[in-house]
Structure formats: structure tokens, C-alpha cells
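Asks: What follows is a structure written as C-alpha cells; I'll ask about it next.
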Amino acid sequence: MGLCKAGLRLVLALLAYGLGPLVCVAQDYWDDPSHLQCGSHTMEFSLPSLLEDAAFALSIIDKNGKHHYLHNDSTCGTWIGQKPDGSLVVGSDFNGCYVREENGSYVVTITLEEILRDEKSQYHKKDLACPILPAMDAPSQSDCTSVMQSDRLPCANDSVSRELCERLGCCFSQNAPTLRCYYGKKLTAYCTADNNMVVAISKDITMPSLILDSVKVLGVDSNSCPSMLAATTASFIGFQFPLSCGGANEAVDASMVYEYTFVATNKVITWQLASVTRDSTMRVTVRCSFSQTGIVPLQVEVFTLPPPLPVSTTGPLTLEMRIARDVQYSSYYAVEDYPILRILRDPVHVEVRILQRTDPSLVLILNNCWATNSRERTNFPQWSLLSSSCPFTGDSYLTELVPVTSSQGITFPTYYSRFIVSTFTFVDSNTQTALKRSVFFHCSASVCVPSASETCSVNCQRKKRMVELKQTDNTLTVTSHGPVIFYSEEIKTNNVVDEEEDFGSELALAWLPGIAATGFILVVSLLGIYLYKKQKKYALSTVNA
């Protein structure tokens with residue numbers, strides 16, 4: 001709001017023989033309330049360009065009735081400057097030395113003494129008043145301390161007081177040399193009395209975090225709204241623009257309602273016929289209502305994503321695919337624990353193991369693992385997780401292979417294969433909208449027996465399999481033993497912004513991997529499995545989830 005603060009340094013505005021009596025000719029201008037601009041923490045008043053034959057003195061009155069010549073004073077929060085059209089602008093911070101609170105408004109009194117050509121003078125006095133907007137909830141201490149100095153987005157200039165900063169819903173750091181008043185809440189939104197909208201959004205408003213570069217205002221940009229301001233740090237993005245720029249507006253009960261929608265898009269990765277994403281989307285709608293008596297409460301709404309449809313699979317037990325509760329694989333989800341909720345990018349610790357065997361020479365090999373959004377392993381779209389026993393390299397979030405050793409208390413560590421998947425959801429390649437948010441995992445698995453020529457090991461560093469594994473034709477289609485229901489977590493946020501909020505944020509697409517844990521069973525069709533020769537290899541069935 002500090003327009004032309006670095007302009008004129010006037011201790012006394014004394015301009016002789018200009019272009020005419022300043023106030024006599026422009027009395028209507030002096031009384032016109034439209035020339036007072038009320039911001040979030042400052043006010044500015046414009047005076048017309050100087051008229052001929054005028055000399056004047058501009059003063060400001062303190063709380064004790066004492067006059068002070070108006071000049072640039074950062075200590076008391078006053079400034080005077082000049083616009084390109086020649087008009088003067090004087091301003092004050094709401095917490096400045098000369099501002100008082102009266103009848104729900106910030107009030108400052110200025111005077112203008114005009115000296116005419118006949119050496120007579122005219123004295124004019126004006127109260128500049130801006131409404132005190134209802135205070136917003138101050139951020140929590142954790143919100144403020146979690147914002148690094150380099151990530152701070154300024155909420156107001158450094159001269160504002162703690163009280164005024166927190167009334168804006170912002171964080172205040174008394175000892176900081178700069179950026180003392182900064183945004184800390186996940187969403188801060190308000191409309192100023194001078195018809196501007198101010199919105200600041202944190203990347204952490206969703207899980208996972210937003211891609212801040214993708215956040216935009218629908219129907220408003222720098223081309224259609226040249227006065228639009230946008231600022232970004234590593235953690236926040238902020239917008240300020242006049243309500244006259246785009247947006248929807250309508251008159252409701254003698255009030256004018258302005259509505260703007262802020263959206264964020266996600267990054268989609270495409271491979272073959274499948275597209276996936278691990279990013280959040282967001283949709284925030286901000287409505288401001290103005291009446292003749294002043295601003296009325298701001299409303300912000302939250303819209304959440306609908307949960308996906310439930311799905312299930314069944315099948316008998318030979319190989320088991322299950323989900324661990326922790327990275328140590330120390331415990332696993334039981335059948336009654338399902339459905340299991342996962343947020344985008346959350347790790348899912350998957351394990352496939354051989355059951356009902358005691359031969360220590362057997363080695364379980366996962367050949368290929370992939371994901372679909374249906375129970376059919378051959379259906380499309382598909383997304384590769386493991387290719388030739390190694391993490392699929394076409395994904396920016398590589399599947400992580402987890403080694404299994406006897407030190408973990410496992411009798412037959414070669415019976416186990418473990419990997420970690422960063423969760424995702426399938427999206428339509430054209431519309432970028434989420435498809436079924438249920439994800440099924442499938443793995444083709446083989447059993448190998450080491451020999452002098454075959455080590456049954458895989459070296460992904462060389463991008464080459466060290467052993468060729470054969471598949472038998474005696475594989476069976478597998479389904480889960482019991483139902484597994486997949487649904488998304490519906491995250492609802494009700495933050496109060498200004499007085500009345502209604503903020504819409506399409507939060508992260510909650511994701512539940514379609515894996516049956518205990519109870520998910522894979523058919524192994526090994527006809528006459530009696531290992532008479534250690535060098536022979538036996539192929540197990542395809543693992544589906």
C-alpha cells in the first residue's frame with residue numbers, strides 16, 4: 001500500500017504561486033471518500049495536483065491535539081509522495097503514532113492551511129477513517145516456527161506491530177531483522193476495504209505438498225489483470241489483485257459478492273498406455289461480500305475428493321503378499337485391519353513369501369511386478385514396478401528393493417522378497433482426472449535352485465539379469481481369499497479465515513494400494529514338487545493382488 005513512500009521528503013509543503021487555490025477549487029475532491037484507500041494495515045489519501053497561485057502547509061494531528069508537519073517518518077509510520085499524474089498521496093500505518101481507534105475505525109486527522117494570493121488563508125481539517133476489520137485467528141506457534149527464514153512470505157511491512165500483524169492472521173517475529181510479519185497458516189485470505197483480494201497458500205495445505213508453480217487463479221492472470229501481484233517462496237505463494245479483475249460477481253441483498261477460484265494441478269507421468277500421479281490437486285474458492293456499510297465476512301469453502309468404489313479379490317494360499325506396518329517389517333496388517341489408507345507418495349512396504357515349504361535351497365525371484373486399477377492382471381492401464389527383477393526406471397519414484405537376511409530372525413530368508421512402493425493413483429491421460437483409486441499389484445514369481453552355473457541372484461547395477469528363469473505353463477489365475485476394500489481418505493479442513501470461511505481445497509488424492517495382506521494368496525502350480533536335483537529350477541505362478 002505504501003505508494004510512492006520514497007517520494008517527496010516534505011517537512012513543510014510550501015508551494016508558492018502554483019496553478020490556483022488548492023482546496024477552494026477542489027473542495028469536492030477533498031470531501032470525496034473515494035480518494036481514501038484502506039488497505040490491510042495502511043491507509044492512503046490522495047490530493048489533486050497543485051493548482052495555480054497556491055501555497056499550503058500540510059499537517060497531521062496527534063492523539064493530544066498537537067500539530068506535526070506531515071513528512072516521511074518510518075518510526076511513526078507516515079509518508080508523503082507524488083503520483084505520476086502530479087497528485088499527492090499521504091499515508092499512515094494503522095499502528096502509527098497519530099492513529100487512534102474510534103467507533104470501530106482507525107482514524108487519523110490531517111489539516112491543510114491554504115494561503116491565498118491576497119495573503120488570506122483558509123484552514124481545512126479532515127478525519128481519515130478506515131474500518132477495523134474483524135481479527136483473524138492468529139497462527140499457532142508451531143505454524144510460525146515451522147517456516148524457515150528463507151521461506152517467509154511477507155504479510156505486512158516490518159513497521160507493523162505484533163497486534164496488527166496477528167490481526168491479519170500472520171506470524172510475528174520480534175527479533176527478526178527483516179520479514180517480521182509473515183504468513184504461517186496453510187491458507188490466509190481476506191479482502192481489503194480498498195477492493196483488493198489477498199490470498200496466501202502454503203504448499204503444505206495438502207498431503208503430499210502442492211506444486212506451487214502450478215497454482216493459479218482461474219480467469220485472472222498478469223495479462224488480463226496488469227495490477228495483479230504474485231510472490232513465491234519455497235513454502236508459500238501469495239496473490240494480490242483488485243476485485244475488478246475477472247472473477248464472478250453478483251448483487252445479493254444490496255451487497256456485491258466477488259468470487260475467485262484458486263487451483264493447483266498435478267504432474268502426470270505416462271508410460272505405455274498408463275498415466276499416474278503422486279501429486280495433490282487443490283481447488284479453493286474465495287468469496288468476498290461488500291455492502292455500503294463496509295466489508296462483510298469472507299467465506300471460503302473446502303471441497304474434498306469422493307472415495308473410490310470398493311473392490312475385492314479371492315484365492316487359495318501358496319504364496320502370500322502382505323503389507324508391513326513399518327519399515328522393519330516387524331508386524332503386518334491382518335485381514336481385519338483392512339481397508340488400509342495410504343496418502344499419495346506414502347511408502348507401502350510389500351512382501352511376497354513362499355508358504356508351506358521347508359527346502360532351504362529354494363530362492364524366490366520376483367520377475368516382474370506391475371499395478372492395475374482392476375483385479376485383472378492383463379487389464380490396462382498398467383504401471384510397471386519391477387522389470388526383470390529390477391526397479392522400473394521410467395518412474396521418478398523408483399521402487400526400492402529391500403534385502404532380507406537371516407539376522408532378521410527369518411528361518412528361510414530366500415523365501416522372501418520385499419520392496420517399497422511410493423503410492424500413486426491412476427489418472428486419465430487426457431483429462432488428468434483420477435480413475436478408480438483402487439490399485440492392484442501383480443507379480444510374476446519364480447523359484448530358483450542355485451547351482452554351479454546358476455547363482456539365482458540379480459544385479460540391478462548392471463541392468464542385466466544374472467540368471468534366466470523359465471516359467472511353467474501350469475500357472476493359475478489367483479484372486480484374494482477374502483474381500484479387500486480400497487477407498488480414499490476424505491480429508492476435510494475447516495479453517496476459519498477472517499470471520500466466516502469457506503475454503504475449498506481439493507486435498508491430496510488419498511490412495512489405498514490394492515494388496516491383500518494376510519489372506520491374499522497365490523496359487524503355485526508345481527506338479528510333483530519333489531526337488532531331486534538341486535540344479536533344477538521350478539517356476540511358480542504369477543502373483544496378483
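The backbone N, Cα and C atoms fix where each Cβ goes, and this holds for glycine too.
Pulled from TrEMBL, these are the listed features:
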SIGNAL    1-26  signal peptide
DOMAIN    142-185  domain 'P-type'
DISULFID  C155-C170  disulfide bond
DOMAIN    190-463  domain 'ZP'
TRANSMEM  508-532  transmembrane segment
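Each of the listed features needs to be described in terms of its position in the shown structure.
Replies: Across the domain 'P-type' (142-185), the DSSP tally of helix, strand and coil residues reads 13 helix, 5 strand, 26 coil.
There are 27 other Cβ atoms within 10 Å of the Cβ belonging to C170 (disulfide bond).
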Asks: Determine the Cβ neighbour count for C155 (disulfide bond): the number of other Cβ atoms within 10 Å of its Cβ.
Replies: 26
Asks: Restricting to the domain 'P-type' (142-185), report the mean pLDDT as a whole number.
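Replies: Averaged over the domain 'P-type' (142-185), per-residue pLDDT gives 88.
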